[in-house]
Amino acid sequence: MQKCPGATLFALVIATGFATWVFSLIISHAVRIIIDEEGEASWILRFIFTILGYATVFLPCYVLIHLSRRHNLHTLGGCQWRLLRLILTGTTLETADETDSKISGTTRASNLESKTLYQKAISLTYCCVGLQISYLLWGILQEKIMTREYTDGDKIEQFTDSQFLVFVNRILAFMFSGIYLLLTHQNVHRTPLYKYSFCSVSNTLSSWCQYEALKFVSFPTQVLAKSAKVIPVMLMGKLVSRAQYKNYEYATAVLISVGMTAFLLGSGGDKKGNNVTTVSGALLLCGYLIFDSFTANWQSALFKEHKPSSIQMMCGVNLMSCLFTSASLVQQGGFFYSLSFASRHPVFIMDCLLTAISSALGQLFIFATISKFGPVVFTIIMTVRQGLSILLSCLLYKHHLSGMGILGVFVVFLAIFLRIYYAQQHKKRKLDAADVSASKV
């Protein structure tokens, strides 16, 4: 087979990146003429800039992968092709030992099946507590950064670059997971790096939408929207991984969403100034739900197909996220703005670091939960977290909780109980059917 020369390949990749960058600059100037940068719709402008920034990384990588596969360049020897093999196959080894991967995957599956209900409950509790603590802290800090006014003498400023916050969160998580991988023994990594890019883009865009939404809607409104996330996660699961759900799973998902909605509405009646909801805010929250639902399901599919560890998944996703967000920030001048803002407001640096640390810890628990229990269980945990945060607020600060709120709490826990009960019944029926089949043989 005729080989594509390496120099020609990388020249094409660089040319594609440069052409994409020039095209994005032209589009950016054209969009600025149409959309007012100071108006409510300015988030559309920032969203377009963000997508164009990601494209300057995504399109050259697509050309690299397409041509390398076409000409089998990743099978060539030499250190210059190791990175290419890592992108395409997930390992720098020239020949992959599939036996180790199959054994580790089978062992992991058998260990999961052999766990007792008590052991699963302990593991689930560990994931729940970790998610609650890390993301309760992250939510408080995120609202503080995006809504607080930082003072510098007589000058009052508000930070506006959501992309920079996403970048700080991702680069710290990448460093944390990378150092952990270097210091510990892990199974051979076999997930192609380019596959991380899809959930990386959706993950960064969901975080971006979440930060941007706080400019248009109140925090309780955002929490209310998140409470219905379990339904789009299940729908996205059918689309992404062709997941099959039982009727009781759909029913309990609706009950959880309805119960959380009733609880959040019932606990927020005495709050002032929480009804600021705009069309822009609603669209951004819809974007958050769609992107976040895709992220959880894509990661679950990667865990099933390539069986990476939670730390390997965390490192790969955040590596790609750093590439995408840094390209977008360089293109938009976000680094200069954010670092200038940080130099004027040292408190902002501490807020960013605490947010990034809580986000990194939260990601570790996210990947562990999805790999062990799947995206739907993870979403239910995060949905219940929304209610717990407001319930804790009601208990600490004596906020009024109406009858509707109490009813909502009851419905949520009833739905969770029903889900666990029917899941156990379904598992018992499968075991009984297997025993009957075995006895006939």
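Cβ atoms are placed via backbone N, Cα and C, with glycine included.
Per TrEMBL, transmembrane segment is recorded for 7-31 (among others).
The transmembrane segment annotation in TrEMBL covers 43-65 (among others).
Sequence-distant contacts of the transmembrane segment (121-141) (same chain, six or more residues past either end, CB-CB distance under 8 Å): 115, 219, 351, 354-355, 358-359, 361-362, 364-366, 368-369, 372-373, 377, 381-382, 385, 388-389. TrEMBL lists 121-141 (among others) with the feature transmembrane segment.
Taken from TrEMBL, the feature transmembrane segment applies to 164-183 (among others). Outside the transmembrane segment (164-183) by six or more residues, the chain places 142, 145-146, 204, 207-208, 211, 311-312, 314-315, 318-319, 321-322, 325-326, 329, 334-335, 337-338, 352-353, 355-357, 359-360, 363-364 with a CB less than 8 A from a CB of the stretch.
Residues annotated as transmembrane segment in TrEMBL: 248-266 (among others).
Look at TrEMBL and you will find 278-298 (among others) tagged as transmembrane segment.
Within its own chain, the transmembrane segment (310-327) is flanked in space by residues 53-54, 56-58, 163, 166-167, 170-171, 173-174, 177-178, 180-181, 184, 186, 189, 191, 193, 196-197, 199-201, 203-204, 299, 302-303, 363-364, 367-368, 371, which lie at least six positions past its ends and keep a Cβ under 8 Å from the stretch. Sequence annotations record features per position, and here TrEMBL assigns transmembrane segment to 310-327 (among others).
Positions annotated as transmembrane segment by TrEMBL: 347-369 (among others).
Per TrEMBL, transmembrane segment is recorded for 376-398 (among others).
The feature transmembrane segment is assigned by TrEMBL to 404-422 (among others).
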